[in-house]
Structure formats: structure tokens, C-alpha cells
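Record features (TrEMBL):
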- A:307-337: domain '4Fe-4S ferredoxin-type' (DOMAIN)
- A:357-386: domain '4Fe-4S ferredoxin-type' (DOMAIN)
Ligand code: SF4
């Protein structure tokens, strides 16, 4: 997947068709999503009577920072520097990759170990390093699985959720030469043994950041396997990639968000490892990296921040629950979005990060059912933002999303909608159209001249029966004022 | 009491019998119904496709048509979500905002109106029956009127309501979504049908024409044994109105 190519409607149709027909994928996704949904629901019912208040607090904590992001970033930089971090700014994906590459090159590092980081996916770090002759190895179990088969994460929290344990066993057998297993404990054992070997004597570790705490100049990393702790402490050089929107003001705010993150992501109160990192190894300390770097990544986030509505999307804490609850995501899986970030939040931010012209089709991948907005722990109005994205495509929005000017959208649809609006704002025309389109009134009316529509509808559904003229019947009803 | 009745575009085109039953349900409570002949559609198809300018024209048509200070009764939680909530969003910062707001505040979904404003008490006249229920997404999450419909069902003593396992999951209609992404939409509705059939009930009910058009159309195509019915047709029958 490259981010600069335009993904045509045809590409999408093809990949969506493929995924929908992949019975194994569909079964795996369905059962995984059901588990995640139920674990979250049960936990919230049992333990979080004040979830709604917590959501509001989390939302406020993020919006407060976003309203003055510049100054919080600056404060973070000052405090982090005091703590001994080296803070870098990366405007583009390329900048970020170059910083990491140069750090590695200067220190003669040929192998980098990575903890889970969606930002590193966003910038295409692994590919970049590969081209430069440096191996970037994933250490997160899910990431490891998909790296072995040369895939991208299918989900932002659980990257290999589309594979079941039997499939994982096969992958380990084929790629790691392990005996064929399917028990989770045994699979974990295989991965652990493999990773232990990798961690031996490694020099440079990469991580993401969950919360960057401005008041303290510290970063907070949430994980479940301990590999993140290894990547950030057992090396000589630790580099954290941090989207600038990860900023929070204080530990208190980070704690609130952490309390929203873990239940939303995997239905637990807290994960096994919570790493709070305040800088490199200090004098007299026994472990920790000799150097600690933080890359503050913009990559078009400033554009998002500048818009009156889209800026809310930067509140995202990447919990993934909007994906878990999305009726489109659970049918097609993350790869069908042809983007780093899939699901509802992916639909919202992908065009902003990579251009709407490159991702015109992605705005269609939503039925506007509203479930994502209902579950989002920081109350991002995802459905509204997706609808606005469609308005960007039709040039009736605010004209703020990158690449909207060159975005293709259906002229046929535009004609249909214009005709529809004309009819729907004039009673006489409307009644005439209703009378005329007696064969298939609702869709005929809704889509005007957008004729292929009928065929698409009838592919999976019978024609509805038209029940005749409502007006004539209403007039006959005693007592109704027909005016 | 006088109310406006807004049949919705699907009520006018396909569910006209349902629209008539809705009017009768209102009249049964002594409410006087005004039916504006120039009524059209709430504008959701163009709105959800991102045609905001076009949609504003439709909104203003409606706002000016239903201008007297009567409640506007709509038999669709989805259209109510649009008219009571999305209209305001669409007109935020616009000079007609107050006018639109005055309209939006008067919009009620029928079950909501029957339950909350008229506080109906029904006696069930039908034979014992098992049904299940599909919640329309916008009725559930935007206009939030599902509770009223369920409260009314609970008054029907011979009706056993068997919940769906995936009641709150979208059926895949989503207006234009169903034709823009027909394959995904089909995958969604098939999951819904599967759920419905596994409940072993006589009917699946929903108070939304769009979902029903989708679910019943797809059920007919796969020759499902379960039947579908609009909630207001069902209700009218149970209380001795309707046909
Ligand atoms: S948008 Fe909300 S629900 Fe989705 S990943 Fe971000 S925080 Fe979680």
C-alpha cells in the first residue's frame, strides 16, 4: 500500500468484493469483534457507572489542549529537554523517517526493534528503512505475525485480529520453523522465544506514544506484552514517534484518558504494562537507554487543527472501539480501506492526512448508523465528520480537506441530487413526480436520473409494492384537514 | 389538539397504507390531523450524500410549509432525527436558524408523541403472537425514540417481543449507502435476516420505512419465512383500527 497513489473506485470495489467473499476472514472478524464488544459492554456495566461523566472529562482534557496546541507542544519540549530527551520536529513523513535513519546511521545501527506504533505505520517506516538497508523488526505479537506474512495492520489496536490461532500456528511454522501449534499459550511461547533472541544485544528501539504529558515532559505508553518496555529500556537509543495530538496537560488528564482507553480498546480496566518514561538513563541508574529521542510528528495534523470541526478528530486516543462497533468494518476488515487507519476514525482522518483526492471512495464506507459516535470515549462526532467529508467531495462543505479540489465524484449523482432537491422543495412538482414514477417511486424519486441505482438495489432485493396514491386516500378519510 | 402529519417520502410512495393507519392512530386519541398537500421529503438523501446547499432548500420548504404552531408528527425516527436535530446543525450560523429551530422543536416521532404527549393506554385485541423488533439507527441514536415504541408494545398483552441478538446493528440501508455500496449493504442485511430468522417469530417489526424496505426486500429475495410489518400497521391492527 502506498500513500501517494490514487485509489480508484474500481480498486475499492475489487478489494471489498474479495474481502466480503473471504469466509475465513469474515468469521474471524465477526467473532473477534463480538468478543471485544461484549467485554467492553460488560465491564462498563459492572465497573463504570459514571462512564458518561468520564467521557466528558476525557473529551474536555483533549479539547483543552487542542485549543492551544502550540503552547502545550512548546511546554512539552521544554520539560522533556530538561529531562534529557532530545526533541525533534518532523513536518512530513519523510522528515520523520530521515531523523530515525540518520540516528541509526550515525551510530552504526543496522537492526531496529519496534514496539507497536500506528504513527510509524503512517509514515511507512519499515519500508523506508528497508530501502535504506536497515531492518526494522516488529516486537508486538500481532505486528510480528503480520510482518512475517508481509501484511499491514488490519486494526489499529489488534493488528492481526483477522487471523485465528490456527492460522497463526501455520504462520509460525512456515516462517519461524516452529512446530505446528494452535494453543494460545504455546503460540505465545514460540513468539517469546523468537523475540528473546531478537532482543539480545539490540541497540535501537522505536516506540509510539499514548500520552505526552506537557507539564512533566514525560511520555506514557500503554501495552500488554512487555515488549514495549523492552524496546524502550533495554536499548542504547530509544526513539519515540509522537503525533503532536498526543499531547495532554497533566498526569491527571492522562489518567482520565487511560481510564477511557483500556476499557474501550480491549474491555479491561488496565493493561499489563503502563510505561511512564521521563528520559534517558540518569547517573547512577542501572538500566534505561543512554539516549532518548522524541519525534513530534505533524504530517498534516496542523491542517486538521485549523478547521472548526475537523480538529475534534485529533482528540482520538486510538482505542479502536469505533472500528469494533462499525458494521462496515466488521464485514470488510481493515485492509479494504486501502489506508493506514481503517474504520470510522480512519475514514475521517485518512483523507486529511493523505488527501481526499487519493481517498475519494473512503467516505462511502459508512452507512451513517452513528454507532461509532455513540461509543467513542472522547465523543468525537465521527458520523458528522464523515458526512462533512462527503460535502467536501461535492464542494458544498467548508473546502478545508486536503485535495478536495481534485476529488472525483459522480456527476450522475450530482444531477440526481439536484433534481431531487428541486422536486422536494416544490409540492406541485413533487406530486407530479410521484404520480409519474409509480413503478418504483421511492428510489426513482430519491435518485432522480441516477438510473443504475435500480439495478443495484434489485441485485439483492425484490421490488417493493407501490401502494397507490396517498393523497386520494387521505382526502377520503373523515376528519382530516387536507390543505 | 391539532397536529400536522408528515407522511415522509417513503410513506407517500410505498407505505401509504401505513401513513393512513398513523393518521387513524392519532384520530383515535381525539387529535385533529392536518395534511399539507405540498409536503415532500425531509431531505435526508441529499444531506447524507453531502449536498448541503441543495438540502437547505428542502429544509426551508418544510419550515415554511408547516408554519403554524402545531406539533409535526412523523412516523419515522430517522426523519425525526433529520428534522429535529440535523436541520439545526445544517443551519448553524445561518440567518434562518431561528426559524428552523422553531420548526425543529415541534417535530415528534409518532410513537414518542403517543407515549409521551398523549400517554396512550392500549388494550390488545389481537390473538397471541411472537414478534421481534429492529431498531432504526437514527431512531435509536439521533432522535432517541425507540424506548417509546417499546413501551407501547409492552402494553399489548398478547404480543411476545423476542429481542434480536443484533438489534442495534444497522440493517445496511443507510439511504444512498444501499446503492453506493450494494455488496457491503447486502452483507449487512443478510446478517440481520439471519438474526431475525433465528428468533422463530411470526413478524419482524420496525417503525421505519427505509429499514423495512431494505429488510423485507432482501427477505423476499431469499424467500425468508418470517414476515415483516411496519410497527404502525401492526399497532393499528392490534387496537382494532387498520386493515
Ligand atoms: S475515534 Fe474515538 S472510538 Fe475511534 S479510535 Fe479514536 S478515540 Fe477510539
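Positions of Cβ are set from backbone N, Cα and C atoms, glycine also.
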For the domain '4Fe-4S ferredoxin-type' (A:307-337), the mean pLDDT of the predicted model: 97
Helix-strand-coil residue split for the domain '4Fe-4S ferredoxin-type' (A:357-386), DSSP-based: 15 helix, 0 strand, 15 coil
The domain '4Fe-4S ferredoxin-type' (A:307-337): DSSP-derived helix, strand, coil residue counts: 18 helix, 0 strand, 13 coil
